[in-house]
Amino acid sequence: MVPPPPSRGGAARGQLGRSLGPLLLLLALGHTWTYREEPEDGDREICSESKIATTKYPCLKSSGELTTCYRKKCCKGYKFVLGQCIPEDYDVCAEAPCEQQCTDNFGRVLCTCYPGYRYDRERHRKREKPYCLDIDECASSNGTLCAHICINTLGSYRCECREGYIREDDGKTCTRGDKYPNDTGHEKSENMVKAGTCCATCKEFYQMKQTVLQLKQKIALLPNNAADLGKYITGDKVLASNTYLPGPPGLPGGQGPPGSPGPKGSPGFPGMPGPPGQPGPRGSMGPMGPSPDLSHIKQGRRGPVGPPGAPGRDGSKGERGAPGPRGSPGPPGSFDFLLLMLADIRNDITELQEKVFGHRTHSSAEEFPLPQEFPSYPEAMDLGSGDDHPRRTETRDLRAPRDFYP
């Protein structure tokens, strides 16, 4: 039985189901899948006990290879001052790190000298205190600061006048005049008018003296008890007499309450510098600077190979190696070479005699046969190594001829 062919509507529904299946699966899984952005390594920095944080960041090597670099910096809320990380709200001048004046320059210590002092860089380089030295204004001005006499002081100077002169209000000019002129009570003494001092005429001084005397007399006429004091206040006046004598002084009273503190005085002159202290410990390494921008650097092709370098030095002679195995014995030796050498020497002697004497001299010694004459020699024999022939008892005289002269 043949099954009926599928209808067009069923085929369309099957194709639609196959195409929508993956989409429905993604929609179903979308509720369980979430996207989360991982924080960078720089956001996960950990602050150590020394308040120094280490941050990792990608960087390039000189060869162009990507690697990881590390940067050290102070933790958040801290700043780097004198080799260590301190809180940002900390006063860097609180511990007096400078010799004279200290300024907090955006978290860094800025040391300066007082007016009238100069900074000596060479002494600071050698760690020889003091670093701030007094300026001798009198010597550096060539006598132009004061009219008469210039006296140098720590951080400043003052002017003095010679005998018969008085100093003016500017503290530098001197005019001729008496130091203590006769004052009639209506003129002020010129030498008393100085910067930072009070002055008064003789008339004013006399008036103040009379006023003080009157106050003393009124105080002496005051009653000793409260009743008489009340009468005195209500209007009962007691006439003062110039002949009244004060009574004996009373007993000292108890200690009164302490008074309020006076105004702050002006700072005194700086004292002598103390001996130099021991050098402090070496500070910790500062944080690494920002990484350079290498995005504009392009990596080029590799260049050609350069010429070979100079040869290195010869090494030392090595140790002698172990001796090798002993070889097999060689062929038997022969005296042919020795006889040839003796014949060559004899020939040289003969040529030397011909050159010296003009003719060949005959020796009474036995002549040696040449190798090519061995077969025709009457006593030709095999002169080998001596292993195949018995030893001869008779010997030949193989010495060279000794009679060179005729």
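Just so it is clear, glycine is given a Cβ too, placed from its N, Cα and C backbone atoms.
Computed from a predicted structure; not experimentally measured.
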For the set SER48, SER63, SER385, say which residue Swiss-Prot annotates with O-linked glycosylation site. SER385
Based on the record in Swiss-Prot, give the one of CYS132, CYS138 in a disulfide bond with CYS150. CYS138
Could you give the mean pLDDT over the domain 'Collagen-like 1' (245-290), rounded to a whole number? 78
Compute the C-alpha separation of CYS161 (disulfide bond) from CYS146 (disulfide bond), stating it in Å without decimals. 9
So if I measure Cβ to Cβ from CYS150 (disulfide bond) and keep only same-chain residues at least 6 apart in sequence, which ones fall under 8 Å? GLU137, CYS138, SER141, GLY143, TYR157, ARG158, CYS159
Integer Cα-Cα distance in angstrom, CYS146 (disulfide bond) to CYS174 (disulfide bond): 9
In chain order, residues whose C-beta lies under 8 angstroms from the C-beta of CYS174 (disulfide bond), counting only those at least six residues away in the same chain, are ALA147, HIS148, CYS159, CYS161, ARG162, TYR165, ILE166, ARG167, GLU168
If you count Cβ atoms within 10 Å of the Cβ of CYS161 (disulfide bond), leaving out that atom itself, what do you get? 21
